[in-house]
Amino acid sequence: MEEREGGGARGASGRRGRGELESDVLAALWAADGPLTAGQVREALPGDLAYTTVLTILSRLHDKEMLVRHREGRGYAYEPVRDEASHTAQRMRSLLEGGSDREAVLARFVSELSEQDEHVLHQLLSGHDARAEDDHSGGRA
Amino acid sequence: MLLSVYIPFAVTAVLAVLAPRLTPLLPPRPAAWALACAALVTSVGWAGALALLAFTGVAQIPEVAEQGRWSVTALRAEDPVYLVVAVASALLLTAGTVSLGIAAVRQTRHVVRARRECARLPQTELVVLDDDAPIAFALPGKPGRVVVSRGMLRCLGDRERAALLAHERAHLRGRHHLFQGLWLLAAALNPVLRPLAVAGEFVLERWADEEAAARVGDRTVVAHAVGRAALASAGAPRPAALAATGGVVPQRVRALLAPPPARRRLPLMAGGLLLAVCCASLVNAASDSDRMVDSAQCAAYAAAPSAPSGEDHRHEPDICRR
């Protein structure tokens, strides 16, 4: 298992499938403040993707009507289409509220924090260079 | 029978106490598999042992004995189980089965609903919600989707975003919802196993974290992604239904900031041994109770007056001839 994971790390950008690349591009565009050009998208993505690859993915997402684009200089700047996403948001919210055992179906990225958790987390993230100290306090949850 | 039928209960109790303490120290993937095996075997052991104990009581009901053609008096004489224990076992088993059934129906309903929602989503792996609250989860289906809100994407940096996606993909690729389903059902059958389900949930998150770290190539990035997402969620108003599970996020971040967990064989081997003992003792108890029934059948045969001529369908049980 460890060997395989190591392999995954080496090929982090090389082995991503088409679907994963689409997700990465879409995520970058949604995270941005405004429309992005292909070059800007490429900068926001991890790894060294070829410019043409990014361009291909952008035009494919545009064909699927998930992006809108407008001329900017010699190329286009892309922006995600928002109306479907807000419909989806409502449905997904109701899915999340569907009872306590939904937990088994939906794996959420982060669970809730208590006030103490929040404090500990701030400490961990601000001072993780002082790793030795963390090890000493490892017993506290 | 006297002792071995109780061993599955002991194993279940020991695992319910030890597993949540040991599994966080192990690499998450083997830990998740170990917890899944433990849940499966102890559930079978628990239900099997209860069934054997309950059977000794049920078998003494005259109508049942009539059907099975065994002697109630012989069975009672040999039976090492108090009637109270047998009745309690029958009740526990019934309650467990009912609760398992309810949990299974609910679980199926959730999976079906998730599948249906999945089918209605756009044909991309990633589905972005136009929602400022930070939300991210993996929605299992065919194919599964990663669902992330705009608010979540905007609170993370470029590399942290990649870590988040890798984490959710790991949940989908590892079919983590099946693990969770198994633990949930096991805990429904036997509430003693609930700590296993809680430990399992944590281990699955750790599994996805470690896989994300391997993908991104940097554990610190994942630690920051998890921490930042959690802090952003804590600041945002959220629906009341998102239940609280405290302490998990800091533990995950701490584990990511520390070196990767070392592989340890001993806890896994000890756990495997316990499970083997559980299986062996269940088999032993089952064969003991089988033998008990056999000899009660012999007693019934010996006691019965010779059958009216021409209607002799009461064959002597084979075992009595030995």
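Glycine too: its Cβ is placed from the backbone N, Cα and C atoms.
Per TrEMBL, the feature transmembrane segment maps to B:6-26 (among others).
As annotated by TrEMBL, transmembrane segment applies to B:33-61 (among others). Distant neighbours of the transmembrane segment (B:33-61): 1, 5-9, 11-12, 15, 19, 23, 26, 68, 70, 72, 75-76, 79, 81, 83, 85-87, 89-90, 92-93, 96-97, 179, 182-183, 185-186, 189-190, 192-193, 196-197, 199-200, 203, 267-268, 271-272, 275, 278-279, 282, 285-286, 289, 292-293, 296; these residues of the same chain sit at least 6 beyond its ends, with a Cβ under 8 Å from one of its Cβ atoms.
If you look up TrEMBL, you'll see B:81-105 (among others) marked as transmembrane segment. Same-chain neighbours of the transmembrane segment (B:81-105): 1, 5, 46-47, 49-51, 53-58, 60, 184-185, 188-190, counting only residues six or more beyond its ends whose CB sits under 8 Å from a CB of the stretch.
Per TrEMBL, the feature domain 'Peptidase M48' maps to B:119-181.
Within the domain 'Peptidase M48' (B:119-181), the DSSP-based counts of helix, strand and coil residues read 29 helix, 13 strand, 21 coil. When Cβ-Cβ distances below 8 Å are used as the criterion, the transmembrane segment (B:6-26) is approached by residues 34-35, 38, 42, 45-46, 48-49, 190, 192-196, 198-200, 202-203, 206, 251, 255, 261, 263-264, 267-268, 271, 274-275, 277-278, 281-282 of the same chain, each at least six residues removed from its ends.
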